[in-house]
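Trainee: What TrEMBL shows for this protein is this:
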type	residues	note
DOMAIN	134-290	domain 'Cytochrome c'
BINDING	Cys147, Cys150, His151, Met270	heme c binding site
Amino acid sequence: CVIVELPFSLVPLFTSSSFPRSSPSPISSLHFPRVDLVHKASNQMVGGGVIQQILRRKLHSQSVATPVLSWFSSKKAHVDADSSGVRAFALLGAGVTGLLSFSTVASADEAEHGLACPDYPWPHDGILSSYDHASIRRGHQVYQQVCASCHSMSLISYRDLVGVAYTEEEAKAMAAEVEVVDGPNDEGEMFTRPGKLSDRLPQPYANESAARFANGGAYPPDLSLITKARHNGQNYVFALLTGYRDPPAGISIREGLHYNPYFPGGAIAMPKMLNDEAVEYEDGVPATEAQMGKDVVSFLSWAAEPEMEERKLMGFKWIFLLSLALLQAAYYRRLKWSVLKSRKLVLDVVN
């Protein structure tokens, strides 16, 4: 006995209900058991063939899809392995390129801007720190005896030194030692007179052309704002003044220039000016090279920012007053909002 389960959609095709009832068959009333068995067997064979065809198609599609999927997965694995190797190689190449470019930029920056200056603990760099006025006076002495022969300070007057490094009498006596060209007079002619407090510090050259001619084509810059005009100004000026040394092997310096690694390019026209005991300080401090460099940088820092102490003092006063105002505002806010924050709301849910 063979039992075949047909799909629900195929049952009407092989049942007697598919024939129209209006035209009954002439032999429908006769009973032929043999014919019924043959009919049933034929129906079972037809249904089994359909099912076999369906199963055969399904198995064929699976057998075809399996090698295709395996080929695609193996191909994808090879591609992933190759892409991971290429990605690692690309990252390695990018790292090497970045390292080489960074070293190239660093060397080019050092050649263009000079060697990086160390940071020195200047006593006036603190938030509430002030200038060392004794150092400013010694720095002015170094400027007068060493730097003033080539560099000017056109923005500083003698009266600016009063109360900072000298008394008024000392500043007047210092200004009177200088002959200043003034005029014209009543006859239309220029004349010379002793200097006074309102006069600026004297300039070593009449104009830029005279300065370049006297220094082999190099122009000595004005030092009034030099610590603000140079990057890392105070440290740069100190390192430049104390950084002269012999050129290393393989570096040749043109005649008339001097090697200084902190100067852009390494070759500077200014010779080494600070030497031990080159200046005799009035207060008896040993005039070493580092001490003179520190004092003249303090003087130049004050010249570039003479209002620093007043600005810091005013800022401290304003911060103190604003702190008091903040406390008063906080108390007033708490006083006014305490009534609203502490009140209790009662809801009458009954009514």
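Backbone N, Cα and C define each Cβ position, glycine as well.
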Trainee: Centre the Cβ atoms of Cys147, Cys150, His151, Met270, go out 8 Å, and tell me which other residues of that chain have a Cβ in range of the heme c site.
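Mentor: Same chain, not in Cys147, Cys150, His151, Met270, Cβ within 8 Å: Val146, Ala148, Ser149, Pro220, Leu223, Met273.
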Trainee: Do any residues at least six apart in sequence from Cys147 (heme c binding site), in the same chain, have a Cβ closer than 8 Å to its Cβ, and if so which, in order?
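Mentor: Same-chain residues close to Cys147 (heme c binding site) (Cβ under 8 Å, separated by 6 or more) are Leu223, Met273, Val296.
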Trainee: Taking the Cβ of Met270 (heme c binding site) as the centre, how many other Cβ atoms fall within a 10 Å radius?
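Mentor: That number is 18.
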Trainee: Rounding to the nearest whole angstrom, report the longest C-alpha distance spanning Cys147, Cys150, His151, Met270, listed for heme c.
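Mentor: Looking at Cys147, Cys150, His151, Met270 as a set, their Cα atoms extend up to 11 Å apart.
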